[in-house]
Amino acid sequence: MCITQLSVTLGLLGRSGCSSVGCVHHLFSRRCSRKRAFQIAKSFLPILEWLPNYRVKEWLISDIISGLSTGLVATLQGLAYALLVAVPVGFGLYSAFFPILTYFFLGTSRHISVGPFPVVSLMVGSVVLSMAPDEHFLIEGSNATGTNGTGALIDTESRDAQRVLIASTLTFLVGILQVIFGVLQIGFIVRYLADPLVGGFTTAAAFQVLVSQLKIVLNVSTKNYNGVLSIIYTLVETFEKIGTTNIADLIAGLLTIFVCMVVKEINDRFKHKIPIPIPIEVIVTIVATGISYAADLEKKYNAGIVKSIPRGFLPPEPPNVSLFSQMIAASFSIAIVAYAIAVSVGKVYATKYDYAIDGNQEFIAFGFSNIFSGAFSCFVATTALSRTAVQESTGGKTQVAGIISAGIVLISIVALGKLLEPLQKSVLAAVVIANLKGMFMQVFDVPRLWRQNKVDAMIWVFTCIASIILGLDLGLLAGLLFGLLTVVLRVQFPSWGGFGNIPGTDIYKKVKDYKNVIEPEGVKILKFSSPIFYANIDGLKSSLKSTVGFDAVKVYNKRLKALRKIQKLIKKGKLKATKNGIISEPGINNEAFETDEEPEDNQDLQVPTKEVEIQVDWNSELPVKVNIPKVPIHSLILDFGAVTFLDIVAVRSIKTIIKEFERIDVRVYFASYQDNLISQLERGAFFDDTVRKDIFFLTVHDAVLYIRNQMTYSDNQDPIFEKISLMQESKEPIEFSEASQPDDELDVQEEAMRRLAS
């Protein structure tokens with residue numbers, strides 16, 4: 001609004017008798033509140049963001065073509081994936097239709113095709129089979145409608161109804177969990193599913209799917225195993241009964257697998273020349289249905305066919321809430337896996353087409369989709385990689401293509417279901433197997449992972465094996481725990497090393513990795529590449545010992561032991577002390593050379609409070625036989641550039657380390673620290689009169705230059721000013737000077753060391 005317009009508005013408002021400023025503020029606040037409300041509405045309903053900007057002339061034709069192609073594939077995959085859930089195939093059509101309706105309004109991805117996915121379908125199927133096995137529906141008499149693997153009569157109608165109820169109830173519960181995760185803004189939880197973990201898990205799931213569909217291709221009746229080693233039991237029983245294979249189903253299945261894989265390979269290799277991928281699954285299904293109907297394979301060869309696909313929709317039914325307690329654990333893992341797959345695929349296409357997807361909103365979108373579809377006897381929806389690839393490669397621009405694909409599925413439900421009843425189940429199972437190629441190809445990622453990062457390769461292999469042996473739910477949990485364990489171990493045992501200077505520069509590199517680096521004289525530099533906390537503080541201490549070449553505590557104890565012996569010998573007159581050091585009395589057997597067999601426990605080394613101030617060069621040969629490690633350094637620099645945080649245990653331990661080195665005349669400095677470390681140290685009461693902030697430097701080179709200046713200044717000092725007590729050269733008793741008690745944690749022994757060691 002310009003100044004003239006604003007003045008006219010104020011004048012009109014003034015004539016109306018209201019406060020001009022108040023009314024203007026009210027108008028602007030109303031405008032802002034409406035804008036804010038619209039922004040909130042768009043965040044919850046992303047369709048309000050993209051639909052008003054829909055380019056009808058540019059995108060509509062592409063979306064229609066994409067929707068038609070995707071709808072045909074979705075129809076077939078819905079039928080096929082229902083076999084994985086162990087429900088009648090017609091319910092797969094419902095699962096390919098209803099989830100799209102809600103995702104169209106709530107989803108943020110423009111390209112993913114929402115519906116069943118083999119891995120998630122198999123996880124749902126494992127829950128269904130565990131809660132409604134054939135053994136629960138055994139009956140006697142002529143009312144039997146089927147047989148299980150042992151030939152016992154079962155009531156398939158009651159069994160299928162119960163399994164549909166379990167699957168829809170599980171879907172409803174998964175949707176509730178996903179909505180809760182989205183509202184609580186914990187979409188980050190999927191970050192703990194690392195790519196190697198997901199790769200190993202989906203490969204194991206593909207193997208599980210292959211085994212579950214193998215018996216359908218062979219038309220061999222087996223028990224429905226579930227749980228640990230279920231895949232092994234299924235394979236064993238399948239091969240034990242392989243003699244009962246139906247040849248017609250086997251031939252149809254093998255031909256379907258061969259044709260689908262060949263045509264899919266052609267689609268991949270010539271995708272730049274073929275404008276629309278060949279919908280081979282649809283073509284094979286139509287041809288197989290025609291052959292089965294014309295040859296009457298069911299009656300002549302006892303082939304297993306779909307038989308019945310319900311026309312129209314079933315009325316919505318509420319979930320069986322009493323089943324929630326039995327499936328809550330499985331629903332949690334299914335909710336996370338379904339979300340992770342959808343978001344992973346969505347991010348690929350979002351990056352390709354330069355737009356963003358909201359992870360938390362995706363949780364909400366899929367949550368409401370599963371809640372809505374669960375009421376219509378569907379099973380859990382996510383996205384399928386192959387179906388999404390068809391939607392994108394055929395020109396799909398937005399979720400308008402998804403709605404059109406749902407329309408194709410709707411036509412199949414209402415009108416075309418009857419035509420698919422002669423279709424062999426082995427053909428559907430073969431279509432599922434043919435779509436597993438991409439997941440099986442992930443096996444070739446393992447050698448590359450091993451070359452790049454052995455830990456990631458181990459996560460992949462462990463998750464895959466665990467998911468095959470333990471089942472998908474326990475395998476995923478085991479893989480997740482193993483992945484977290486590797487992170488803990490990598491933090492607990494991080495990389496470290498001594499660093500040296502590249503001559504002529506201010507650059508410092510690891511001594512072991514570079515030949516020409518030089519360690520500053522009398523200085524050791526240690527870089528510890530990890531946060532420091534209670535679990536790896538021992539690792540820091542161990543790396544310190546390896547870097548400097550000695551144990552500061554042992555050196556200190558050895559020096560105390562040597563001082564005690566020197567005192568005794570001076571009192572006995574067997575040693576003579578001068579201001580230049582300690583010498584033995586001529587002609588006297590030096591009994592100070594005794595074996596070093598006394599314990600090194602600091603509590604046993606009681607140094608009296610009255611001490612003799614003498615000058616001892618600890619790096620020279622002493623007149624007492626005590627093995628004292630040499631200390632070739634005067635300074636230690638800790639490079640904390642990779643340390644992101646310190647806990648209270650680390651703060652206390654580092655302060656102790658400083659004092660341990662200080663009492664053997666080794667100064668400790670810190671370099672390249674992050675700013676937040678200082679505040680953490682302050683909160684941990686790290687600084688005091690002895691540990692001050694002047695030992696912290698911005699870079700390692702700054703610390704090295706400071707140490708050099710200090711040593712140069714120290715070398716220029718006149719030795720006459722050093723405090724050296726004149727020792728009596730006679731054998732009369734020596735008068736001891738009182739050792740002052742320190743105010744800090746250092747006891748009398750440490751104070752004695754500070755005055756006695758030069």
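Here the Cβ of each residue, glycine as well, is placed from N, Cα and C on the backbone.
Long-range neighbours of the transmembrane segment (79-106) within the same chain, counting only residues 6 or more positions beyond its ends whose Cβ lies under 8 Å from a Cβ of the stretch, are 44-47, 114-118, 121-122, 124-125, 128-129, 160, 163-164, 167, 209, 212-213, 216, 224, 306, 308-310, 313-314, 361, 364-366, 368-370, 372-373, 376-379, 381, 399, 402-403, 405-406, 409-410, 412-413, 417, 420, 423, 425, 428-429, 431-432. If you look up TrEMBL, you'll see 79-106 (among others) marked as transmembrane segment.
If you look at the transmembrane segment (165-190), the same-chain residues 6 or more away from its ends with a CB under 8 A from one of its CBs are 85, 87, 91, 124, 127-128, 131-132, 317, 319-321, 323-324, 327-328, 330-332, 334-336, 338-340, 343, 359-381. Annotation comment: TrEMBL describes 165-190 (among others) as transmembrane segment.
Positions annotated as transmembrane segment by TrEMBL: 247-264 (among others). Beyond the transmembrane segment (247-264), the same-chain residues lying 6 or more positions past its ends with a Cβ under 8 Å from any Cβ of the stretch are 216-219, 278, 280-281, 284, 288, 292, 297, 301-304, 424-427, 429-431, 433-435, 437.
Sequence annotations record features per position, and here TrEMBL assigns transmembrane segment to 276-295 (among others). Here the transmembrane segment (276-295) has Cβ contacts under 8 Å with residues 65, 69, 72-73, 75-77, 252, 256, 259-260, 263-264, 266-267, 303, 305, 389-390, 393-394, 419-420, 422-424, 427-428, 431, 434-435 of the same chain, all six or more residues outside its ends.
What TrEMBL lists as transmembrane segment is 323-342 (among others). Listed by sequence, the residues of this chain that lie at least six past the ends of the transmembrane segment (323-342) yet keep a Cβ under 8 A from its Cβ atoms are 109, 112, 114, 117, 119-120, 123-124, 126-127, 131, 166, 169-170, 173-174, 177-178, 181, 187, 189-190, 193, 198, 201, 362-363, 366, 380-383, 472-473, 476-477.
The transmembrane segment annotation in TrEMBL covers 363-385 (among others). Residues 44, 77, 82, 85, 87, 91-92, 94-95, 98-103, 106-108, 112-118, 120-121, 123-124, 164, 167-183, 187, 313-314, 316-319, 334, 337-339, 341-342, 345-346, 435, 438 of the same chain lie 6+ residues outside the transmembrane segment (363-385) yet bring a C-beta within less than 8 angstroms of a C-beta in it.
The feature transmembrane segment is assigned by TrEMBL to 400-420 (among others).
Residues or ranges marked as transmembrane segment by TrEMBL: 427-444 (among others).
According to TrEMBL, the feature transmembrane segment maps to 459-489 (among others).
Look at TrEMBL and you will find 513-707 tagged as domain 'STAS'.
Marked as region 'Disordered' by TrEMBL: 734-758.
As annotated by TrEMBL, compositional bias 'Acidic residues' applies to 741-750.
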Near the transmembrane segment (459-489) in space but 6 or more residues beyond its ends, with Cβ under 8 Å, are 119, 122-123, 126, 192-194, 196-197, 199-201, 203-205, 207-208, 226-232, 329-330, 333, 337, 445-446, 449, 535
Over the domain 'STAS' (513-707) the mean pLDDT stands at 78
Sequence-distant residues near the transmembrane segment (427-444) by C-beta distance (under 8 Å, 6 or more away from its ends) are 76-77, 79-81, 83-84, 89, 118-119, 199, 202-203, 205-207, 209-210, 213-214, 216-217, 252-257, 260-261, 264, 281, 284-285, 288, 306, 384-386
